Amino acid sequence: MPFSMIWTMVKRHFVTQRHIILPFILSSSIIFAIEYILLSITTNSYIQQHHQMLGMFAIIGNVFMSLLAVIFIIYANQFVMKQQQKTFSLYLILGMEKKHIRVMLLIEHIIKYCLITIISIVGGYLFGSLFFMLINKITTGHQTSLRAYPFDVKAMWITLLLLFIVMLLLFMINQFKITLQNPMQLINKKAHHKRRYKKVINYILLLVGIILVGNGYRIALQDNTPVESFFALFIAIFFVFSGTYLLFVSFSVLIIERLQKLPKYYYQPKHFFLISGLRTRMKSNAIGLASIALLCTFLIVTLGMTVTTYRGLDKNVNEMWKNQYVTSVDGDFHHNQQTAKKVKKVINDIKQKTNADTPKVYTQSLFNVYLDANSEYQRLLKPSETPNKFNIDPGKNKNVFITVMNLNDYNQFNRHLHLKDNEVGVNTNMNILDDSDKIVIQGKPYHIKRVHQTNVNSLRFSENINLIVKNDRELNQIVNYYNKSTSQSNMHLTNTTIEFNDYELKGNDSPIIHEIERKHDIDISTYEQFKNVWYNINGGLIFVGSLVSLVLFIGIFLIIYYKQVSEAQEDVQNYLTMEHLGIDNQKIKHILDQQLIWLFSIPFIVAIIHTLFASKIIYEILGLFGEVYIGIYITSFISIVLIVGIIYFIMYKMTSYLFTKLVKQLKK
């Protein structure tokens with residue numbers, strides 16, 4: 001066959017199948033544009049110098065995004081290839097050889113590769129510049145020149161190589177399909193291979209699905225520390241992921257069959273066609289709908305965490321870092337003369353050389369313990385007392401850090417707190433202690449008095465509990481008890497902290513601050529330093545969360561779009577059947593619209609249910625990155641559910657318009 005004829009057939013195919021090929025090219029281009037952005041940020045010299053954490057987060061985000069991208073692109077290619085198979089079967093029956101089909105596929109893949117290359121690289125650089133400016137605005141609070149984000153040739157070549165590998169993989173998959181199937185198999189192949197399961201199989205799948213989803217929900221609702229919640233989340237995802245697919249396959253069919261056994265309901269004209277059509281659709285689309293439900297869940301959770309983190313940035317910094325400057329000296333200045341002399345000299349220099357307010361001086365101790373959640377009250381155990389350090393059960397012992405200060409030091413700078421002999425003040429963002437009124441320390445039960453705010457710097461994130469005890473004697477007893485026979489025995493567990501404010505100094509670049517540091521051999525940390533580190537860490541998370549959310553949006557759109565195209569092709573026969581029964585076109589359109597509304601509403605409803613059950617564990621995980629404010633958390637997730645719901649509805653309406661248009665074309 002002459003090449004000119006093959007080229008003509010390829011062009012005709014691109015024109016006739018543009019409603020299928022164009023979304024594939026655009027979605028793949030966006031995905032590889034994001035790939036270029038992540039790679040360019042990873043290798044960017046400005047990012048490496050000013051935002052080291054962002055490069056690491058970009059690598060992590062690239063791993064997640066690449067995994068999702070390959071899945072979505074293979075899914076889209078599978079659908080595109082399915083549409084081509086009947087056309088290829090006709091060509092083969094008319095005498096075209098398989099080698100000609102392979103040449104056609106090769107030309108198509110080359111054209112797609114070239115188009116995706118141009119769009120992804122150009123779009124990646126343009127949108128990369130926008131993201132670069134945005135991330136600098138978030139992390140530093142000011143704009144940066146675009147000269148710091150030059151076009152990255154290395155990132156371009158890596159992106160093109162990855163695109164080539166993906167397109168080569170798709171080409172090999174498509175060639176393999178053509179090789180295995182003969183013309184008659186292709187011409188007779190149904191878009192969906194339907195299987196009839198015995199009812200008992202559906203009930204078994206339903207039972208297993210309920211158990212899996214229920215177990216996932218149980219894990220998500222347990223009280224855990226932030227780190228444990230992070231690892232428990234993956235176990236919960238596995239159970240909910242598996243159970244959701246089983247429930248969509250079984251429960252949807254069983255409930256529709258149940259409705260069909262209600263004659264008064266089922267045989268009403270407005271219900272008959274709706275339910276009978278839904279049964280067929282649910283059987284053939286259960287896997288796809290479950291995928292949409294899970295993707296919507298991941299999208300809501302990812303965006304919710306991203307927005308919550310962004311909205312809480314400033315508030316977290318201001319709550320944790322109350323004073324502008326902070327430094328520490330090893331030892332307890334109350335009882336150690338050498339420490340007391342050094343602290344006095346540092347304070348004198350601060351007063352003489354700066355316009356600082358009265359420095360806040362207090363003693364605190366930091367050490368590691370295990371929090372036992374299995375007894376009636378929470379117990380703080382020495383690491384050597386844990387029965388099994390490697391137990392992965394979320395209900396077992398939890399590794400936490402304890403900071404202890406005495407009551408006199410606390411009351412000097414904070415709202416007056418009164419403690420009895422059996423009481424201890426607790427300041428923490430660990431939700432696991434919310435329902436406890438007692439805590440066991442060194443084998444002795446203490447009543448908990450909640451401390452919600454302090455006027456000294458307090459790092460309230462991750463696995464950290466701040467304790468306030470009645471006096472120095474009790475503090476030393478606790479420190480000695482938990483320090484005994486542990487790897488911490490040679491460490492300075494107790495130190496003296498000095499905090500002060502002088503807003504006339506220029507942060508950590510002040511010569512006066514450097515002079516005090518050199519003279520006394522100490523390190524003085526500043527509010528600006530902490531803020532920059534905090535914004536770099538959280539800014540990286542926000543950046544990665546935004547890009548992963550964009551990829552999830554693309555995946556949801558692809559599945560909905562191709563599902564609508566597939567449904568349109570299958571509904572032509574249903575449309576003609578209802579016409580033959582004397583149903584007018586307006587009524588037919590209403591019935592089909594109702595079926596599609598139910599079909600695509602169910603996944604989003606399931607996603608909201610999954611999100612509600614995941615809200616507790618997500619709230620705990622966010623504690624890794626600072627205190628989570630319940631008002632910000634709730635309003636963020638409600639807003640995200642509404643926004644995602646609106647976008648989901650827009651996607652549905654756009655694809656429904658195409659569905660109606662395709663049905664009309666196929667009828668002709």
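Here, residue 1 is simply the first one shown, and the rest follow in order.
Backbone N, Cα and C define each Cβ position, glycine as well.
Now, the feature entries from TrEMBL:
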type	residues	note
TRANSMEM	20-41	transmembrane segment
TRANSMEM	53-76	transmembrane segment
DOMAIN	62-173	domain 'ABC3 transporter permease C-terminal'
TRANSMEM	110-135	transmembrane segment
TRANSMEM	155-180	transmembrane segment
TRANSMEM	200-219	transmembrane segment
TRANSMEM	231-256	transmembrane segment
TRANSMEM	286-307	transmembrane segment
TRANSMEM	540-562	transmembrane segment
TRANSMEM	596-618	transmembrane segment
TRANSMEM	630-651	transmembrane segment
Sequence gap of 6 or more, Cβ distance under 8 Å, 3 or more pairs: do the transmembrane segment (110-135) and the transmembrane segment (286-307) meet that?
no
Two-stretch contact, the transmembrane segment (596-618) and the transmembrane segment (155-180), at least three Cβ pairs under 8 Å:
no
Based on Cβ pairs under 8 Å, which of the stretches 53-76, 200-219, 540-562, 630-651 lies most in contact with the transmembrane segment (20-41)?
53-76
Folded-back contacts onto the transmembrane segment (630-651), same chain, C-beta under 8 angstroms, at least six residues removed:
296, 299-300, 303-304, 307-308, 311-312, 315, 553, 556-557, 560-561, 600, 604, 608, 611, 615, 619, 622
Which residues of the same chain, at least 6 past either end of the transmembrane segment (540-562), have a Cβ under 8 Å from a Cβ in it?
20, 23, 27, 30-31, 34, 37-38, 51, 53-54, 56-58, 60-61, 64-65, 68-69, 71-72, 75-76, 79, 131, 135, 138-139, 288, 291-292, 295-296, 298-299, 302-303, 305-306, 309-310, 600, 625, 647-648, 651-652, 655, 658
Please indicate, using numbers and ranges, the residues of the same chain that are 6 or more beyond the transmembrane segment (200-219) and have a C-beta under 8 Å from a C-beta there.
232, 235-240, 242-247, 249-251, 253-254, 394, 613, 617
The domain 'ABC3 transporter permease C-terminal' (62-173), counted residue by residue under DSSP: helix, strand, coil:
99 helix, 0 strand, 13 coil
